[in-house]
């Protein structure tokens, strides 16, 4: 009986912590994704037919400004767009981590937190975790930026909105989204191979050095210069859908098909005002380098550093967690 009581208390504690965590992080993540996905060209653009396109996205330059805009246009329901895919992915990845590793591992859509093993094994773990989580991340990002209302308990209805017919028929096409895998692999390679090597070099040892820890924190903070653009590009590429209709190329969105399939879908903000602007649907990014080039040419290089302070804050937290882990290992060895 005592064992059952302890198990029940543990389950209740996990549920409460999950609810509280999602209640706080989902609105913040939604604002971050919208801010980085927002398309706001700095000059007039030509559409694929050569016509002048005067449409520009809303000019929102701050994280909290986007948070206020979401609440003003879409209300509380808009703030919690992406809740269900986030909750499902978190529970699945947490269960996988507990089963495959240990109870201290937690799942997230953000920075990879691999087990404490060799560099190669850590890299493989990171790539595997990314491949498992990528479809969930794509669906989550799209559910956040879509102007349509998504019922929490009608997944097939929501997937018809978020995925093209091609993606529903052939789900593996999500992995072929131009440039997305490249951006993810580059980010994992940098955080695992470079940062983890420097972490082992500076923090591992028989005693804790505040000087070495300070150097590592600075390195983590400077890494924002590399990691933040990769995160911004990942966001923009993840919301770009795929199809293989004969009248389009392999990366453009099935605009007409989607319009025919979804005339009854209800929107939050109607036709007058959307929370964010998106790039022209018939002019997608063709790859990783093409994405970087078009972002810089059309929106300016500053776009690659939207909400850079969020990335830097995550880096500082990661450095502090690493230092705490190594200190614990030193104490345990004593």
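Numbers run from 1 along the shown chain.
Using the three backbone atoms N, Cα and C, a Cβ is placed for every residue, glycine included.
Looking at 172-193, 238-259, 260-281, the range annotated in TrEMBL as transmembrane segment turns out to be 172-193. When Cβ-Cβ distances below 8 Å are used as the criterion, the transmembrane segment (7-32) is approached by residues 63-64, 66-67, 70, 78-83, 86-87, 90-91, 109, 144, 307, 310 of the same chain, each at least six residues removed from its ends. Packing against the transmembrane segment (307-326) from elsewhere in the chain are residues 32, 35-36, 63, 110-111, 116, 199, 203-205, 208, 213, 216-217, 220-221, 223-224, 227-228, 231: each is 6 or more residues past its ends and has a CB under 8 Å from a CB in it. Along the repeat 'Solcar' (5-107), the predicted structure has mean pLDDT 79.
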